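Data first, discussion second: the structure below is written as structure tokens.
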Amino acid sequence: MVISVAAGIIMRDEQVFIALRSQDKHQGGCWEFPGGKVEQEEAPSAALARELAEECGIQVQESTPFQLIRHDYSDKSVELHFFKVTDFAGEPHGKEGQEVAWVPLSELAHYTFPEANVPIVEALLKR
Ligand SMILES: Nc1nc2c([nH]c(=O)n2[C@@H]2O[C@H](COP(=O)(O)OP(=O)(O)OP(=O)(O)O)[C@@H](O)[C@H]2O)c(=O)[nH]1
Ligand SMILES: [Mg+2]
């Protein structure tokens, strides 16, 4: 079974907002682009808006599909719908107590992301 996920690349002034996955989660200890599982009958863009409200306390006003990545981990397979969040209201924060950071794009390589994110990080670094 492939798990469908929506994740948001929240940008502002050449910085990107990332969050630390807690140790008890899949890929715990890795940094992530906030997001979560797409529910049955839910559009990925709607899942993105719902998850970013729940996890970061922002209202997505505009998002653009960026890349769709299918990745097989040893324990699960995921299909990640990455979006660029081009407009939002509210100030992103770790609403669920997670550690968060605004990171200059040029420093993204210093953070450890899940394996599936490698092409995304590379694409952002090339900008
Ligand atoms: N949110 C997010 N998940 C990612 C990224 N990269 C990546 O491989 N994943 C994987 O995609 C899945 C998404 O799960 P999630 O844990 O965010 O899902 P969720 O918010 O619905 O939470 P839940 O685990 O409490 O149900 C996890 O298996 C996670 O390891 C990423 O950049 N952001
Ligand atoms: Mg999540």
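Glycine is no exception: its Cβ is also placed from the backbone N, Cα and C atoms.
Annotated domain 'Nudix hydrolase' per TrEMBL: 1-127, in sequence order. Counting residue by residue with DSSP, the domain 'Nudix hydrolase' (1-127) contains 30 helix, 54 strand, 43 coil.
Of all Cβ atoms in the shown protein chains, 21 besides its own fall within 10 Å of the Cβ of GLU32 (8-oxo-dGTP binding site). Feature annotation from TrEMBL assigns 8-oxo-dGTP binding site to ARG21, HIS26, GLU32, PHE33, PRO34, GLY35, ASN117.
Its own atom aside, the Cβ of GLU55 (Mg(2+) binding site) has 21 Cβ atoms within 10 angstroms in the protein chains shown. What TrEMBL records for GLY35, GLU55 is Mg(2+) binding site.
Of the recorded residues, GLU55 (Mg(2+) binding site) and ARG21 (8-oxo-dGTP binding site) place their C-alpha atoms 11 Å from one another.
Fewest other C-beta atoms within 10 angstroms, among the binding-site residues ARG21, HIS26, are seen around HIS26.
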